[in-house]
Amino acid sequence: MEPMGGAKLDPGHAPSVEPLPSSSGSNCSDLTLKLEFSTKVVEHEYIIGFTGYFSAKARSLYISSALRNAADADALEWRIVPRQNPASDFPSDFELVHIRQASPGSLLTLEDHPYIKRVTPQRKVFRTLKYTPSPEPAAPCNATRSWQSSRPFRRTSLSLGTGFWHATGRHSSRRLLRAIPRHVAQILQADVLWQMGHTGSGVKVAVFDTGLSEKHPHFKNVKERTNWTNEKTLDDGLGHGTFVAGVIASMRECQGFAPDSELHIFRVFTNNQVSYTSWFLDAFNYAILKKIDVLNLSIGGPDFMDHPFVDKVWELTANKVIMVSAIGNDGPLYGTLNNPADQMDVIGVGGIDFEDNIARFSSRGMTTWELPGGYGRVKPDIVTYGSGVRGSGMKEGCRSLSGTSVASPVVAGAVTLLASTVLNRELVNPASMKQALIASARRLPGVNMFEQGHGKLDLIRAYQILNSYKPQASLSPSYIDLTESPYMWPYCSQPIYYGGMPTIVNVTILNGMGVTGRIVDKPVWQPYLPQNGDHVDVAVSYAPVLWPWAGYLAVSISVAKKAASWEGVAQGHVMVTVASPAENDSEAGGELTSTVKLPIKVKIVPTPPRSKRVLWDQYHNLRYPPGYFPRDNLRMKNDPLDWNGDHIHTNFKDMYQHLRSMGYFVEVLGAPITCFDASQYGTLLMVDSEEEYFPEEITKLRRDIDNGLSLIVFSDWYNTSVMRKVKFYDENTRQWWMPDTGGANVPALNDLISVWGMAFSDGLYEGDFTLADHDMYYASGCSIARFPEDGIVIAKNLKDQGTRSVLSRAKLGVFCSHITPQCACVRALFTGLEVLKQETAVVEGVPILGLYQTPSDGGGRIALYGDSNCIDDSHRQKDCFWLLDALLQYTSYSMTPPSLSHSHSRVAPPTGAERPLPQRLEGNHLYRYSKVLEAHLGDPKPRPLPACPHLSWAKPQPLNETAPSNLWKHQKLLSVDLDKVALPNMRAYRPQVRPLSPGESGAWDIPGGIMPGRYNQEVGQTIPVFAFLGAMVVLSFFVVQLTKAKSKPKRRKPRIKRPAYLQPQAATATGKSPTV
């Protein structure tokens, strides 16, 4: 029987899997990992999600009732697929149903039922791991190894798959080598808490992975092992789950953080790395039923709009499950955060090496949920060791691995240990734990907040905070300082000025008082008058409900008109009061309240001249998710989706930094073109635009350019033949679709620039060339099809990818956008995206660059280039920042670069008669994700033009007092002062350790067989001895000081001399003369 509906491996699809080799010598085996993914929809099986938890009988009745009303009810054959797992006896919020010949109408009928939330297909996921020996000699286990990234774009394991990484940081030439590798738990001083008697006892920690062997010698408190797969085993056949569990709770050799914790093993992947959506959903529900305290999830992907999975994570944290997840292994590119680590209620963990350098592989912020109108949040939350970390081998011994999925169990183990130190466990929740971690984190120098979050995990300081914690609200980040560099990058990279687009800072509110909360009244803006705070305008928007445990506070900062010509620093703060229902209604008002202060410090400069101001069009950039938007460079087969946000602070970060170094001020337009004052800007920069344009935008842009605004467009490929080869499978409708656009929406761009007689073609070109003595690479770009005859056009010889380079259908690859078995993923079937082995044709004289001065008096200039990859960080091979400089000189100052105007590559402008202009792909579904289009009978039509964003500026409440000088040092949790919180007295305590049985492996790489770690008697006494000696020195110092104080003779207090007019009376009364 196959409980999950066809989970048997297809013989033609069976992956080759080998277990992780166990290391038992002084050297670790050096392995290269080949990772492959595939996915398959289970035919006729659907997951029915309900609005609540119901019994099996109730779920069956609801489904039967819904299908009875379907138009084809008589022809429907359906049955509930039994799920044989530990959760089957409990109420559930979903059901797995087999429906034969289900029509879209019958599925919609199901969703019309009041108790049914959604219907998604059941899917089967393969994850193939194959290890091959490296040709290089084996390296010591503490050495760092180098691995290549496959950059998968699905929710997948972040350890074995993409987790073997070389952690090169800012100083890659330095290597800290140790003869005896130290364990990460010791390096983070977990042994200090062990000596106090805290070892994770009473805390339930769940590991969702590949299982664990029953008699593994490293674990003594495995409370429960559950199998959610269709294999009849609970053991780990790969070693992945064992390694993660060992980092958290191993008791010997490579010690974990919390050896006495209750370890709950959830086996959700088979030995062939196969899983199903229903397995994960059942396992998550069971974790809630078992009241799990901490959950480590070493999977991730870019799909933050995967609603079933995101909803389930919210439900888990709402039930006080502290979820720890890896931030991703897609660094050093920015905008590469993985879900669920990028959620506010989850602790997202990045990686560093043992020299405290940010690991190159660790994904960087910001979050891209909020684009284009808003701005991303700070992630990761914290960073910790994720390079060369030692953990348990599959059967025995230890091994070293790297990746943010290694950093994730480090934090999960630390959280488990910390939770066991708190006497009142009711105070421990996802918000309070995150508050303690980020408030205690050690900031790394020279690293910005989108790389390190709040800093490096500090276990002891977190312990101090948790044991003095009182429920409260806090902010992340806790202050806004646009003058602090480099930590506050990118805010610190550009001052603000009057007339500029408001600077948006997205602050996360953490609510440690309860799972739900609200903001009382409105946040208050209080400028400091001595620090020129009245020169700043502030607008605040916020989440009406804080759930679960968190919400957002968006702060928009602008410059008041009176400071248009002023330069200096201005300060103030925003006061926010958060209220949560009290668990004990006897408390006053039935609510807990907490008031937090958000200090703000900005650098203001006079408004720059128009020629120096560049406006970046963010509004017309689309990215995955929610739609299927292919990558700009078709050669990147392992990176097929455009998912980094196309923002100047994500994958166009280097371009932004270059423009700032050249003295330009770059602002972001997150609204339609109708919503900015073109007279303030010299150039509008459009790069890789996928969105359509409102008719009103086209009209306004023409008027703006006639009045002096200039335009630079970097386009990309758009070829309907290629798009038809890249199929898109919509699993909700179970139909094949094409991509919604190419690399850019060329037909929409042509509509925008057609009034000047310009257009791009549907040609698809690549190749190396030289332009103005600069080496260039054209990566899947288009050509200019039409251009005014008095313009300047540059042409080059390039390879034609669009006609002769036919996409291969022979090599079929399957790609899942987030490959997770827990979500409704979009399945894309790529037909290779690779050129056949035949030679591609070289086309001579391909027009790629055009410059044009509009004829109107005082009109602006237009520059077109057919490829954006040379300024995009994602897969840039050769940058063309020099070309961008030249184009800006032309558009902003009307200075035509001689290297272009007199170039030997200059040709006559094309007239457009050679080939028809590209048309929109018939049947595309861009309207589903577009802000411009809406569904209509026949072709989609433009929506009504939306109103421009209007900010409600807060009424200032000025303060005539001095602002704090150091905002970072000034910020602490309201009830905690680390200077006053001391560690308790240590008492002799050791976790109970089972001695090695005869034949068991001892230390695997330590000379003399001495087992490293604080559980060893010889080594374990080192810290207590030093601590005792230190305490004796301090005590002796105070005793000496006290002795000196007692040995000094007491000085007599001088008597106050009485006034002269009182002296006779006093003398008479006493009969003596007064003495002094």
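All positions are counted from 1 along the displayed chain.
A Cβ is built for glycine as well, from the same backbone N, Cα and C atoms used for every other residue.
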Ask   = From 1-26, 131-156, 625-650, 937-962, which range did TrEMBL mark with region 'Disordered'?
value = 1-26
Alpha-carbon distance [ASP209 (active site, charge relay system); SER405 (active site, charge relay system)] in Å = 12
Query = How big is the Cα-to-Cα gap, in Å, between HIS240 (active site, charge relay system) and ASP209 (active site, charge relay system)?
reply = 7
Task = Report the member of ASP209, HIS240, SER405 (the active-site residues) whose C-beta atom has the most other C-beta atoms within 10 angstroms.
result = SER405
